[in-house]
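**Q** Take a look at what Swiss-Prot says about it:
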BINDING   Gly167, Cys168, Gly169, Ser170, Gly171, Asp190, Trp225, Asn239  S-adenosyl-L-methionine binding site
BINDING   Asn239, Pro240, Pro241, Tyr242  substrate binding site
Amino acid sequence: MELWGRMLWALLSGPGRRGSTRGWAFSSWQPQPPLAGLSSAIELVSHWTGVFEKRGIPEARESSEYIVAHVLGAKTFQSLRPALWTQPLTSQQLQCIRELSSRRLQRMPVQYILGEWDFQGLSLRMVPPVFIPRPETEELVEWVLEEVAQRSHAVGSPGSPLILEVGCGSGAISLSLLSQLPQSRVIAVDKREAAISLTHENAQRLRLQDRIWIIHLDMTSERSWTHLPWGPMDLIVSNPPYVFHQDMEQLAPEIRSYEDPAALDGGEEGMDIITHILALAPRLLKDSGSIFLEVDPRHPELVSSWLQSRPDLYLNLVAVRRDFCGRPRFLHIRRSGP
């Protein structure tokens with residue numbers, strides 16, 4: 001998981017922004033010549049690292065290592081048996097590495113190239129344009145698990161929360177929670193059909209489909225929420241679109257050209273979906289239920305001010321947590337009224 005974290009933050013330009021202003025163009029790519037004399041995994045990693053570096057591809061060595069390892073049937077280059085490092089590859093393997101590397105030269109994210117990625121120890125299928133789960137979102141999951149553990153200890157019984165995830169994408173958050181909370185149930189919603197399909201696929205892949213209800217739903221449509229199969233909820237969890245609209249053009253090529261912009265663009269102040277979630281929460285949550293959100297570092301103050309202007313919601317911002325880069329990234333909001 002380290003690759004995407006380093007790649008993402010290396011591409012950031014300015015505090016709290018996911019992206020880069022580096023220019024690029026598909027038309028500049030040309031097919032690579034035959035790899036004469038290159039036959040081993042180590043040689044191929046070295047070759048493609050050099051090619052990527054010359055073309056300004058972020059995380060050049062890590063990208064080449066992941067691609068070569070994938071073709072050889074491993075998740076990481078370091079996990080390959082040392083004997084495979086110097087063993088000659090077949091012509092089919094060489095061709096596959098060339099084809100995958102050409103996609104990286106077009107700035108396709110490694111996660112889409114490989115077609116899978118690990119999140120919280122789960123191997124998830126990745127398909128463009130469904131949003132790729134970031135490493136900091138694993139910290140959001142860990143915070144939710146801590147809260148469930150604390151509540152379970154307080155009541156003296158195992159945690160069996162009913163959880164709603166808004167904007168499930170690949171299902172990373174929902175499936176991680178289900179895998180670590182065996183008594184839990186999850187409702188996962190998303191307005192994008194591609195995300196719903198991928199969450200279904202990942203749930204079946206992990207054999208968690210019996211405890212998750214996946215719904216194609218636009219959360220901005222209030223009438224849709226009257227048809228939820230379970231409720232009320234103990235927890236609402238979301239990594240919503242939170243990029244400020246004016247920052248969308250500054251996103252890195254890997255993000256801007258491959259991921260669904262609707263999963264990123266949060267409107268003028270990045271708050272459009274966040275405020276929809278908060279406005280609906282009192283109708284969906286149990287008494288003392290909680291909301292956990294991943295947000296832009298500029299959002300904690302904006303959310304706090306917005307909640308103060310809506311006392312009728314009976315929602316309080318009780319905690320803000322920083323991500324691994326020290327930025328205020330996660331919010332815990334609790335219902336505290338009727």
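Even glycines carry a Cβ here, placed using N, Cα and C.
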**Q** Taking the Cα of Cys168 (S-adenosyl-L-methionine binding site) as the centre, which of the binding-site residues listed as Pro240, Pro241, Tyr242 lie within 10 Å of it?
**A** Pro240
**Q** Name, in the order they occur in the sequence, the residues of the same chain whose CB lies under 8 A from the CB of Pro240 (substrate binding site) and which sit 6 or more residues away.
**A** Val166, Gly167, Gly266, Ile273, Ile274, Ile277, Leu293, Glu294, Val295
**Q** Using DSSP and three states only, what is Trp225 (S-adenosyl-L-methionine binding site)?
**A** helix
**Q** Taking the residues Gly167, Cys168, Gly169, Ser170, Gly171, Asp190, Trp225, Asn239, which the record names as binding S-adenosyl-L-methionine, find the longest CA to CA distance and state it in Å to the nearest whole number.
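**A** This binding site's residues have a maximal Cα-Cα distance of 21 Å.
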**Q** Give me the CA-CA distance between Ser170 (S-adenosyl-L-methionine binding site) and Pro241 (substrate binding site), in Å, as a whole number.
**A** 14
**Q** Just jot down the residues in the same chain as Asn239 (S-adenosyl-L-methionine binding site), at least 6 apart in sequence, with C-beta under 8 A of its C-beta; none if empty.
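**A** Residues satisfying the criterion: Pro133, Thr137, Leu140, Gly167, Gly169, Ile173, Leu293, Glu294.
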**Q** Cβ-Cβ under 8 Å from Pro241 (substrate binding site), same chain, 6 or more residues apart: which ones?
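**A** Within the chain, Pro241 (substrate binding site) has Cβ neighbours under 8 Å at Gly167, Ala262, Ala263, Leu264, Asp265, Gly266, Gly270, Asp272, Ile273.
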**Q** Counting other Cβ atoms within 10 Å, pick out the least crowded of the binding-site residues Gly167, Gly169, Gly171.
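**A** Fewest other Cβ atoms within 10 Å, among the binding-site residues Gly167, Gly169, Gly171, is found for Gly167.
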**Q** Sort out the sequence-distant neighbours of Trp225 (S-adenosyl-L-methionine binding site) for me: same chain, 6+ apart, CB within less than 8 Å of its CB, listed by position.
**A** Leu217, Met219, Leu280, Arg283, Leu284
**Q** Given the recorded substrate site (Asn239, Pro240, Pro241, Tyr242), which additional residues of the same chain have their Cβ within 8 Å of the Cβ centre, ordered by sequence?
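**A** Same chain, not in Asn239, Pro240, Pro241, Tyr242, Cβ within 8 Å: Gly167, Ser238, Val243, Ala263, Leu264, Gly266, Gly270, Ile273, Ile274, Leu293, Glu294, Val295.
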